[in-house]
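Reviewing the structure listed below.
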Amino acid sequence: MLKSYQAGVREYRETYWDPHYTPKDSDILAVFKVIPQAGVPREEAAAAVCAESSTATWTTVWTDLLTDLDYYKGRAYAIEDVPGDDEAFYAFVAYPMGLFEEGSIVNVFTSLVGNVFGFKAVRALRLEDVRFPLWFVTTCDGPPHGIQVERDKLDKYGRPMLGCTIKPKLGLSAKNYGRAVYECLRGGLDFTKDDENVNSQPFMRWRDRFEFCQEAIEKAEQETGERKGHYLNVTAPNMEEIYRRAEFAKEIGSPIIMSDYLTIGWAAHSSLSRWCRANGMLLHVHRAMHGVIDRNPRHGINFRVLAKLLRLLGGDHLHSGTVVGKLEGDRAATLGWVDLMRERHVKEDRSRGLFFDQPWGHMAPVMPVASGGIHVWHMPALLAIFGDDAVFQFGGGTLGHPWGNAAGAAANRVALEACVRARNEGRDVEREGKDILTAAAQSSPELKVAMETWREIKFEFDVVDKLDAPHR
C-alpha cells in the first residue's frame, strides 16, 4: 500500500469536529437539536451526527485511502446551548456540495435524516433548519406555477382566496358531495377541497366525485361570473394511478388537483409536480402526517424544513397552520414558515426560528393555506397574519352555518371583503376586528348569524412545539 493504514475505532470528534471551519457558500448547512446519551461529550455527539449523516461508518476502513476524505466529509463546526433545556444543544453541520445529487431532495434527506436518527450515541435528535445554497436551489424544479400565475389563471387579485374542505370528509355519496361543492362556490368561495383521506373509497369512487365536482364548478361559475375550482385529490396507491386521475381531472377542465406529499413520497410528489407544470394544472399540497414528524420539540424534523423542501419539490399551495385555529402553530414560527414559502430571500432571524439565510433565486413562491378550526371571528387576525397571498380555508366554519352551506360561504366572503376594505383604508384590522365585522353584519344576515353561532368558540390550548424561550 502506498499509504499507511491504521485500523480500529477512533472517536468521531478526531475527524468530524472542526470548530475552526468557516462554512462555504456552496455548503448545505444543517442545525440539529441533539440530546446525547449520558456520558457522551457534546463535541463527540455532534461529530457522531455529522459523521453518520455524511461519510463515516463505525470503524476506520482501508478504502478511506482511495478517496479524498477531507474533501467529502461533513464538518460539525459549532455548538450552542438550547435556551431553557439543560439536556439538549444545537449542533451546526456543514456538508460539501460534492456529497449530493443535484436537484435530489430524496438524496439530501436520506443522508441528513437517515440512519443517524437511530444512532445509539444520541437519545433524541431533531433537524431544526437547513440552508440550501443557491446552486442546489437552482437544480430543483420548484412550484409548477406560483402565486402570480395562479392569480392570472383565476383572475383574482387584491385579497386572499377563500376555500372550504367538504365535510363530513368521509361517507358522502358523489352526488351529495357535488351538491355541497356547488352551494359553497355559489355562496362566494373561490375553492372547495377534498380532504386528505378522500381517495376512491366504496362510498364515493374517484371518477364519480371528479365528475360531480366539475359539474358543480361549471354551474357556480355560470351563476357568479367568477372562476372557481375544487382541489381534486389524486392521491392513489401507485404513481400510474395518480397520473390516470390527474389526466382525467385535466380532461374534464379542472384548474387544480391536490396530493398528500408526505404520504405519497417525495419522489412521487416531485413527478406529479412536473406533470402539473407541463399540463398547466395548479397543485394544492396537503401535509397529512406532518405532526408525526414535526410536533415533538425534541425529535423529528421541524416544519420549517418540511416547508422548504416542499418549495423545492414543487407545489402551488401548502397548508401552513393558522395560529388562531385548532391546529398546532406558534405565531412567530408560522410567520417564519410563511416567509420561507413566499419570499425570494429570507434572512436569519432567531426570533422566528430561522437559523440561516435562505436564498431562493427566481424560484416561484408557494401560497400558504390557513386551515383548521377557523371561522368568521378569525378573519381579522388571519388577514393581519398572512396578508393577501394566502388561502383561508373554512370547513366547519362554512358548512356549519345554521342556514346551510351557501350562507356559510356568503358570511365568509362578506367578512373577508369587509376586513380587506378596512385594511386598505388604513385601519388596524386585528385590533378593530370586532367593530369591522359587527358593522359588516348590519347588511349581511348570513354574517350576523355566523358571528352569533361561533361567538364563544376558541381553541386556547398551549402550543407544544414552541420556539426555544429566549428566541421568542
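Placed from the backbone N, Cα and C atoms, the Cβ positions cover glycine too.
Note: LYS167 (active site, proton acceptor) has non-local neighbours ASP195, GLY395, GLY396, LEU399, i.e. same-chain residues 6+ apart with C-beta under 8 A of its own C-beta. Reduced to three states, the DSSP call for LYS167 (active site, proton acceptor) is coil. What Swiss-Prot records for LYS167 (among others) is active site, proton acceptor, and it gives sequence analysis as the kind of evidence.
Residues or ranges marked as active site, proton acceptor in Swiss-Prot: HIS286 (among others). Taking all protein chains in view, 27 other C-beta atoms sit within 10 angstroms of the C-beta of HIS286 (active site, proton acceptor). Following the DSSP three-state reduction, the secondary structure of HIS286 (active site, proton acceptor) is strand.
In the three-state DSSP scheme, ASN115 (substrate binding site) falls into the helix class. All protein chains included, ASN115 (substrate binding site) registers 11 other Cβ atoms within 10 Å of its own Cβ. Under the heading substrate binding site, Swiss-Prot lists ASN115, THR165, LYS169, ARG287, HIS319, SER371, citing sequence analysis as support.
For LYS193, ASP195, GLU196, the entry in Swiss-Prot reads Mg(2+) binding site. ASP195 (Mg(2+) binding site) has a Cβ environment of 18 other Cβ atoms inside 10 Å.
Marked as N6-carboxylysine by Swiss-Prot: LYS193. For LYS193 (Mg(2+) binding site), applying a Cβ distance below 8 Å and a minimum sequence separation of six or more within one chain yields GLY163, CYS164, THR165, ILE166, HIS230, TYR231, MET258, HIS284, GLN393.
The feature site 'Transition state stabilizer' is assigned by Swiss-Prot to LYS326.
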DSSP three-state call for HIS319 (substrate binding site): helix, strand or coil?
strand
Which secondary structure state does DSSP assign to SER371 (substrate binding site), in the simple three-class scheme?
strand
Across all the protein chains here, work out how many other Cβ atoms are within 10 Å of the Cβ of HIS319 (substrate binding site).
22
Cβ within 8 Å of the Mg(2+) site centroid (LYS193, ASP195, GLU196 excluded): which residues?
THR165, ILE166, LYS169, ASP194, ASN197, VAL198, TYR231, ASN233, MET258, HIS286
Between HIS286 (active site, proton acceptor) and HIS319 (substrate binding site), the C-alpha gap once rounded to whole angstrom:
6
